[in-house]
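Quick look at what TrEMBL lists:
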{"type": "DOMAIN", "residues": "31-274", "note": "domain 'Nodulin-like'"}
{"type": "DOMAIN", "residues": "346-561", "note": "domain 'NFD4 C-terminal'"}
{"type": "TRANSMEM", "residues": "32-54", "note": "transmembrane segment"}
{"type": "TRANSMEM", "residues": "96-117", "note": "transmembrane segment"}
{"type": "TRANSMEM", "residues": "161-185", "note": "transmembrane segment"}
{"type": "TRANSMEM", "residues": "191-211", "note": "transmembrane segment"}
{"type": "TRANSMEM", "residues": "223-243", "note": "transmembrane segment"}
{"type": "TRANSMEM", "residues": "255-276", "note": "transmembrane segment"}
{"type": "TRANSMEM", "residues": "342-369", "note": "transmembrane segment"}
{"type": "TRANSMEM", "residues": "389-407", "note": "transmembrane segment"}
{"type": "TRANSMEM", "residues": "419-439", "note": "transmembrane segment"}
{"type": "TRANSMEM", "residues": "445-467", "note": "transmembrane segment"}
{"type": "TRANSMEM", "residues": "479-503", "note": "transmembrane segment"}
{"type": "TRANSMEM", "residues": "534-555", "note": "transmembrane segment"}
Amino acid sequence: MDEAPTVHATPGVGGRCGEVFSFLAYVVRGQWFTLLASFLVMAGAGGTYLFGIYSNEVKVSLGYDQTTLNLLSFFKDLGTHVGVSAGLIAEVTPTWFVLLLGSAMNFAGYFMVWLAITGKIGKPKVWQMCIYFCLGAHSQNFSSTAAHVTGIKSFTESRGILIGLLQGFFGLSGAIMTQLYLAIYGYDFKSLILLVGWLPAAIPVIFAYTIRPMKVVKQPNELRVFYSFFYVSIALALFLMVMTIVQKEIAFSQVAYIGSATVVCILLFSPLVFVLREEFILWKLTKNPINPTNTTLSVVESKAAPLQADSSAQAAQLEENPQTSYFADIFKKPNRGEDHSILQALLSIDMLLLFIVTLCGIGSSLAAINNLGQIGESLGYPTRTVSTFVSLLSIWNYFGRVFAGFVSERLLTKWKIPCPLVMALFLLLLCIGHFLIAFPAPGSVYAASVIIGFSFGTQLPLIIAIISELFGLKHFATLFSCGLLASPIGSYVMSVRVTGFLYDKEALKELAMKGLDKSSMKELTCTGTHCYRLSFIIVGLVTLFGVLASLVLVMRTREFYKDIKMILEEYILKRWTRDARKGNVQEMNNDQDIQGDPKMKVTEQYRMLCYLVRITARAAEFDEAFNYVAEVPIDLMKKVEEVCGKQLKECPSLF
């Protein structure tokens, strides 16, 4: 893991120019520029959201029916949501290799699609096109993995807001790329596929040298910087929404599109101001080192020195619990919130319910997103309006991701609303979006795009939260990847077997009424409100079934969520310490209850020590208070480790 670079300007020749060069070199390798680069990579990684804009061009150019087109969209979704390979490769290779491999896959996949629809190569077979789309879409997992892993390792104490921002920029990527495509190519949909091929591939190549895990130089104003990024993302989302609405009402010239795209780029790069400011502070400190005990900065090490006492405790634990077969514990499931093995989690009823919820929720959302172009066409909307639908969906996808990331925990801690219940509410909202497509009224597709985009955006952060809360963090990455396997399955069933099949059936009925058959038409097209009515009634009912599955999960986990993440002084999350069990400390009758139950004693002691958390959180808000408190933990931890080491040697296992 790299350290933040220490660069000293050479006095004499070069003078001020040498200082500037030294500073710029420091910035490019600095932690905040790395963060900005990660956001830019995510902002360009959402080419899959643009499928609804150019899908009709693929359909017409290659003479596909809707079922075949939806088969392509399924393989696109399969590549998007099966990201296990990216995670495994990232475990054994450096970040730059992950980024470059993803770039190569993106360009290769979408460039072959572009060659096919422009007639520059012979018409590929359907299975070949499926591979091209799957390869191109799968590349975004590599960019996402590199950005998330780098960010989480570099900003361990702010990972929650960091993930929310990364997901937010990814949610905006569809609307951002739409503005860039209109500025560069106009309404040339074939060229849009070329843009999807080269732009998401170019950005990781540019920042491959920059994005890497680092030892973090912790600053007391770190949270303020993250919120600065957050405010910029909100401004960008609002500007994109305004432009989307204005471009729908007013015919923009090419110059106007270029102006709009320029503003988008300025907003995207505006956080560079914060980056330069923060990196300048760090750079000055490297040039003028100060006493470490007085500095407001600290380097966060990723690994702590192991305690000698730990080995004693582990040895004692092994004596008490002899090693058993890996498969012997499959059905001996730990309590919710404790670390599960992979098989324990996958074979649990809770994971089955989450699988159903994901299949119904994300699967139905993808069915709507993939068919958005044909939905607009069947209802008589002009071609450029389809771009409006996609942009609205992308923008509100961002708001959904940010809302779920920032607000869901607030709902839990203040109003005791657990994540599965929040998921059920948003799936119910998603049903409304589907029924607006099934029973369209003038302008209803605009509302449906907003609702579906927002609901779709909320689902992934909530699934992340639920899996981590119920099954622990030990095998989280694998469990999350396995849980998302439901997404392409749901997409296939609802896109190919439901919407695609029923759309083609309605189109054939129209041809039969005109006395024509399929062979006499280059493309199979349906026009009218009936085209997607039955299919989206079914999709809406499937989503409603997902609501019921979420409610079952709510009932199964209600006791668990009653005791999780509540007021800090009252509750303890079971996985936070090895010995303490969840429980409301204030419900204990007297000291005898505490003394009679060692686990409750640990819980009571934890409650008292939570005041330390409140003190440190408060001290981090002001530099003077931070300077006062920053010196305390080092001496305190040494003393605590000394005492704990003695206790563990005398009594390795208390429980």
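Keep in mind that glycine also has a Cβ here, set from the backbone N, Cα and C atoms.
Curation plays no part in TrEMBL annotations; they are all automatic predictions.
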Proximity verdict for the transmembrane segment (534-555) and the transmembrane segment (419-439), three or more C-beta pairs under 8 Å:
yes
Taking the transmembrane segment (255-276) as the reference, which of 96-117, 161-185, 191-211, 445-467 gives the largest number of Cβ pairs under 8 angstroms?
161-185
Count the Cβ pairs between the transmembrane segment (445-467) and the transmembrane segment (223-243) that lie under 8 angstroms and are 6 or more residues apart in sequence, then report whether there are at least 3.
no
Most CB pairs under 8 Å with the transmembrane segment (161-185): which of 96-117, 223-243, 342-369, 389-407?
389-407
Where, among 32-54, 191-211, 389-407, 419-439, do we find the most CB pairs under 8 A to the transmembrane segment (342-369)?
419-439
Using Cβ distances below 8 Å and needing 3 or more such pairs, separated by at least 6 in sequence, tell me whether the transmembrane segment (191-211) contacts the transmembrane segment (223-243).
no
With pairs fewer than 6 apart in sequence excluded, do the transmembrane segment (479-503) and the transmembrane segment (389-407) have three or more C-beta pairs that lie under 8 Å?
no
Please give the average pLDDT for the domain 'Nodulin-like' (31-274) in this predicted model.
88
